[in-house]
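Participant: Features from TrEMBL:
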{"type": "DOMAIN", "residues": "75-325", "note": "domain 'G-protein coupled receptors family 1 profile'"}
{"type": "TRANSMEM", "residues": "60-82", "note": "transmembrane segment"}
{"type": "TRANSMEM", "residues": "94-113", "note": "transmembrane segment"}
{"type": "TRANSMEM", "residues": "125-154", "note": "transmembrane segment"}
{"type": "TRANSMEM", "residues": "239-261", "note": "transmembrane segment"}
{"type": "TRANSMEM", "residues": "273-295", "note": "transmembrane segment"}
{"type": "TRANSMEM", "residues": "307-325", "note": "transmembrane segment"}
Amino acid sequence: MKCSSQHCDCMNIFHTEISDLNLCTPWTGPGAQMYQMPNSSSISEFLLLALADTRQLQLLHFWLLLGIYLAALLGNGLISTAIACDHRLHTPMYFFLLNLALLDLGCISTTLPKAMANALWDTTAISYAACVAQVFFFLFFLSAEYSLLTIMSYDRYVAICKPLHYGTLMDSRACATMATAAWGSGLLYSLLHTASVFSVPLCQGNAVDQFFCEIPQILRLSCSESEFLRELGLLSTSAFIGVGCFVFIVVSYVQLFRAVLRIPSEQGRHKAFSTCLPHLVVLSLFVSTAMFAYLKPHSISSPPVDLVVAVLYAVVPPVMNPLIYSMRNKELKVALSELLNKCVSKAMNC
């Protein structure tokens, strides 16, 4: 009986020790970090890069971004309205310019409002769903704009090099088809990349070193090499297509400049250059800033540098494009002045 009593005491002690272990409690010993790293399914929000450390600078950034955003809305809105309302501007060149203004409005409206809200309310958080939406729409507008700029270079090539066939090659149906293809290609590109990026497991935290959700910054949070390489392969394919579009643009402009230089009159050459120069400047600004953003050496990559580069390719083009197109375009200047005069006269009559 004594031995049996000892046996019961041992079993009771063993049962108590097992109960004290509380196997449902998460392990906090060595190697715990490996099991507690957040993955993409457990991330409910991302933390964006703060534009400033002090409250005064945050408010200053808010007013600065608000001014930039209002300037982009005003410039692109005026151009869109002038082209839509003035029948003299219902030509292929201005039709594509209208689409470009709409894409610029969408692009800057995807990034700046959230950055302004974070600066105003002293926060850096963005929900997971909002981050997905931001990546999708930003890629959509950006890739569609690049496709549209490629089409606009073809439009200028046909207008200068094949003027007799311009009405046939660039009729209203052809222009609508090209514009639809640009928007459609942007949609397809955005769907593929957004689905690919957010299917990659994320286990390096939720801090995004950018003022908006940007693909390279999100991929830095990846912990799956195979999934990362898959997205990298998709990006490489996209880069190859982008290079093809760039070569097409360069060849178009080489042929265009050769045709312009053969024009006998100086006035004719000046008119031809004036119609092509704005598009060339806009294209150069877009391509140079985007290439530097994604192809810059890793050695110079840092949050401040990445922030400046992102502003250059995501914020500057939508603000500058209306100025570039309206500065040397007399038809657009006349249409804008007439539109503003109508608005002022109606406001005074009210």
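Each residue's number is its place along the chain shown, starting with 1.
Glycine is treated like the rest: Cβ placed from N, Cα and C.
Unlike curated entries, TrEMBL annotations are predicted automatically.
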Participant: Within the same chain, where does the transmembrane segment (60-82) have neighbours whose Cβ lies under 8 angstroms from its own Cβ atoms, ignoring anything closer than 6 residues to its ends? I mean 6 or more beyond.
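Facilitator: Answer is 51-52, 89, 97-98, 101-102, 104-105, 108-109, 112-113, 115-116, 119-120, 315, 318-319, 321-323, 325-326, 332, 335-336, 338-340.
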Participant: Let me spell it out: take the transmembrane segment (239-261), skip the flanking residues so only those 6+ beyond its ends count, and list any with a Cβ under 8 Å from a Cβ in it.
Facilitator: 146-147, 149-150, 153-154, 156-157, 160-161, 269, 272-273, 276, 280, 283, 287
